[in-house]
Ligand code: GLN
């Protein structure tokens, strides 16, 4: 099979043209520019077979990041597997807010609850090496992916196993961040996200359970003046603000994501 035929096969399956090109470039270990300049070259049978499988999976909705095994987040290349949510650009807003609150050089203690691939904790540690980062997840499989990312990137993070605050008994932080599951259990968007771990996307019910639990348990884990910053759904800002105000937080405010949706809400203890 020629490269040109392989790219045509993507078209026939309805796979996005750029995805098709990048998937084949990844298989060949070449750049996209190389690929387009060599479209008469023949693929080995093994590459052609593997690429056909990639195309079929992409056409079935498997995220591109799972097929190539990595995703860029806040300037870092992270390994991702189906055990973790694919990091979203929207979550960079949470990281940027955290970095504004962390003066460079300050030895702050920062926690990331439900770290998944480790994206948030790793991005903060990368930008603020003096901070000490603790990242939790209830999924041992996710923690293994996050620990592998930390090792590859040479970033020192403490990983703890357990849900929300439970592995952090008796510990206090200067800043706590979380992108918990927040999609409502009956939200039709979940159908399009079926290849990602459901438990990382939705706490079921109205989508607010994880956010409620994080806010409710926060006080004993935050130093006076510490901030808690939470990612949430586009229609949950008011509810999360009410949770934070109700739990006694001050300076409660919301920031928008790159698409202009209210996406992160934080408050100060
Ligand atoms: N932002 C993700 C999405 O809507 C959901 C992530 C989450 O639930 N934390 O695809």
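Here the Cβ of each residue, glycine as well, is placed from N, Cα and C on the backbone.
Per TrEMBL, the feature S-adenosyl-L-methionine binding site maps to 114, 115, 116, 117, 118, 137, 164, 179. Here TrEMBL flags 179, 180, 181, 182 as substrate binding site. What TrEMBL lists as domain 'Release factor glutamine methyltransferase N-terminal' is 13-69. Positions annotated as domain 'Methyltransferase small' by TrEMBL: 100-194.
Under 6 Å, Cβ to nearest atom of ligand 1: this is the test, and of the binding-site residues 114, 115, 179, 181, 182 it is passed by 179, 181, 182. Each of the binding-site residues 164, 182 was scored by the number of other CB atoms within 10 Å of its CB, and the largest score is that of 182. In this structure, the binding-site residues 114, 118, 180, 181 were compared by how many other Cβ atoms lie within 10 Å of their Cβ, and the smallest count belongs to 181. If you count neighbouring Cβ atoms within 10 Å for each of the binding-site residues 115, 117, 179, the highest count belongs to 115.
Cα spacing between residue 137 (S-adenosyl-L-methionine binding site) and residue 180 (substrate binding site): 10 Å, rounded to the nearest whole number.
Looking at residue 164 (S-adenosyl-L-methionine binding site) and residue 180 (substrate binding site), their Cα atoms lie 9 Å from each other. If you measure from the Cα atom of residue 114 (S-adenosyl-L-methionine binding site) to that of residue 180 (substrate binding site), you get 6 Å.
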